[in-house]
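Here's the structure, in structure tokens; my notes come after.
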Amino acid sequence: MPDQNLTGTRSTAPVAEVAQAEAGPPPGKPRSLWSDAWSDLRRKPSFLIAAAMILVLIVIAAFPGLFTSASPRDADLSGAFLRSPELTKFFSPEWFGYDSQGRSVYARVIYGTRASIVIGVSVTVIVLFVGSLVGMIAGYFGGWVDAVVSRIVDTFMGIPFLLGAMVILVSFDVRGKLVITLALAVLGWTTIARVMRGSVISVKQADYVQAARSLGAGTWRILLRHVLPNAMAPVIVVAMVALGGYISAEATLSYLGIGLADPAMSWGSDINTGKDQIRVALHVLIFPSIMLSGTILAFLMMGDAVRDALDPKLR
Amino acid sequence: MADTTREPILEVRNLVKHFPLTQGIVFRRQVGAVRAVDDISFTLYPGETLGIVGESGCGKSTVAKLLMNLERATAGEIFYKGEDISKLSGRALKAVRRNIQMVFQDPYTSLNPRMTVGDIIGEPFDIHPEAAPKGDKQARVRELLDVVGLNPEYINRYPHQFSGGQRQRIGIARGLALNPEIIICDEPVSALDVSVQAQVINLMEKLQDEFGLSYLFIAHDLSIVRHISDRVGVMYLGKMVEIGSDAAIYDHPTHPYTQALLSAVPLPDPDAREGRERIILTGDVPSPANPPSGCRFRTRCWKAQDRCAEELPLLAVPQRYADADTAVAHDSACHFAEEKPQVTHA
């Protein structure tokens, strides 16, 4: 055995040689789970398509004026009432036609993006923060803390998502983006909390957490340095998939007339406007619907791709 | 080598750990307890290696967790240099932890996959700033990597870029960072390939000589324990059944369980195999939630008599060998302790 000389010598040099001969790590950049996932994702068409779509949507939401010169609120009732789309006139106000008040559907679709993206992203951020914190505390401390928190989570889970949001929103006179965001967040954080709790419970048993405890590490160090980074992956995936759900929930509420309403712009309320002329002017309904479905699809595809990349069972 | 004339560095007295078994969801009530560790006593001297062997589920790892205060003892005391550490908490416990460190069984799960090797080995210094090197922390981490035989250039790599043996070296370096006096090794090589096992064991012996460490070495591989240990304790179902010098345990075992264990060690020499009697135990290990009365081993012991069911044998030098001057006179918890020469090796 080549290591017999280990006991005989005080010099560490031969030990180092043996250790390196023991299949040293390949040279190159350090790789972590996230960097592995990233190199996986870069080669995935579904991720690339979804990422491109989301990027475009974010730019539209931030700078709608770049995409259309028309104002979504200019109504030309006499000249453009339910005028049909002119599909060859790309990016012009006439591209998607006009609605029953003579407003450009294309401009409204562009300006309606912001509501969906802002509400979807802010609900997800709030839910990620609150849900992760609550789930982490319940999972890590266990015992009666877990019992109390889990019952609260169960109670919230028992409320049907849309029905609950409707009940909350009806009690407000003015329903802006903030109110809708908070209503969705109040009902949505429980999913993340549950996933986080389960993830933390499995991570806190790991030997490296025990090792940190045996070194004398405090609770916060263990939570932030050891538990959270290792428990985050499934939560991120669930949050990405949920983001699509929040966008669709906002559109549903706006469609039902208890979300955003005129003069605020939202694909949901535009679909509501379009449904009345569905036989004579399908385009008023169809273009906001396509944008809505496309946006939700992009976020779902992204969540799916990220889950595949982060799932250690597929590695 | 162990210096048994000195004061023990670690003394365990009547250590007990029961895990409660509960029933009911809303109103929990205790319906019993798993007696993982039941009344164990032993001592560890400075610079010594005490091996603890026993089959799966006998409470070896629970002993390690109790010594590290990762689990609270149900009863009993653990004295570190005369101070009972089993009830410490907060700052006092943190101070003791500097001196007692642990090397874990599975090198694949004992290193945080999100931290670089440098962060893993340097973390003890972040937790104990008073023990951190005055100057460059990085330099100390590189030095530790060198001490355990890893290239100091690996400091920025992640654990998954290393092999099992290399990871275990990283775990050992983390354990050494605070200059502890005692290292508790919970099956440190059982997850490694045989060839790598020898390297890690040799490294541990070298470090012991260099830093004067005391090891509590928990394992189920009898040959490795014999190789590294000065004294050996044998556990069965939460009890210490026999303890003594490695010569006493391996060449003069007097407890039937130890004899059965040793008779199962594979021998490379076919001639020696011929003359050896193999003891095949029947039945399974009883549940630690409902252990047999009297001697725990009596349900599988070929020597068992009525007395074994009624009277708990104490861990002491057997009467028969009380005056003997050889290694055979060591503690054995059996009413009928007797040597059985044909089961030992060589």
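Note that Cβ sites are derived from N, Cα and C of the backbone, with glycine treated the same way.
Just so you know, TrEMBL annotations are computer predictions that nobody has curated.
Small disclaimer: the values here were computed from a predicted structure and weren't measured.
According to TrEMBL, the feature compositional bias 'Polar residues' maps to A:1-12.
What TrEMBL lists as region 'Disordered' is A:1-30.
Tertiary neighbourhood of the transmembrane segment (A:47-67): same-chain residues 41, 91, 110-111, 113-114, 116-118, 294-295, 297-299, 301-302, 305-306, 309, selected by CB-CB distance under 8 Å and a gap of 6+ residues from either end. Positions annotated as transmembrane segment by TrEMBL: A:47-67 (among others).
According to TrEMBL, the feature domain 'ABC transmembrane type-1' maps to A:113-303.
With a cut-off of 8 Å between Cβ atoms, the residues of this chain six or more beyond the transmembrane segment (A:117-141) that come close are 57-58, 61, 149-150, 153, 177, 180-182, 184-185, 188-201, 204, 219, 223, 227-228, 231-232, 235, 239-240, 242-244, 246-247, 250, 295, 299. Under the heading transmembrane segment, TrEMBL lists A:117-141 (among others).
The annotation transmembrane segment is assigned in TrEMBL to A:153-172 (among others).
Annotation source TrEMBL lists transmembrane segment at A:178-196 (among others).
Residues annotated as transmembrane segment in TrEMBL: A:231-258 (among others).
The transmembrane segment annotation in TrEMBL covers A:278-300 (among others).
Same-chain residues lying 6 or more positions outside the transmembrane segment (A:231-258) and placing a CB less than 8 Å from one of its CB atoms are 33, 115-117, 119-121, 123-124, 127-128, 131-132, 135-136, 139, 161-162, 165-166, 169-170, 175, 180, 184, 188, 191-192, 195-196, 199-200, 202-203, 266-269, 271-272, 292, 295-300, 302-304, 306-307, 310.
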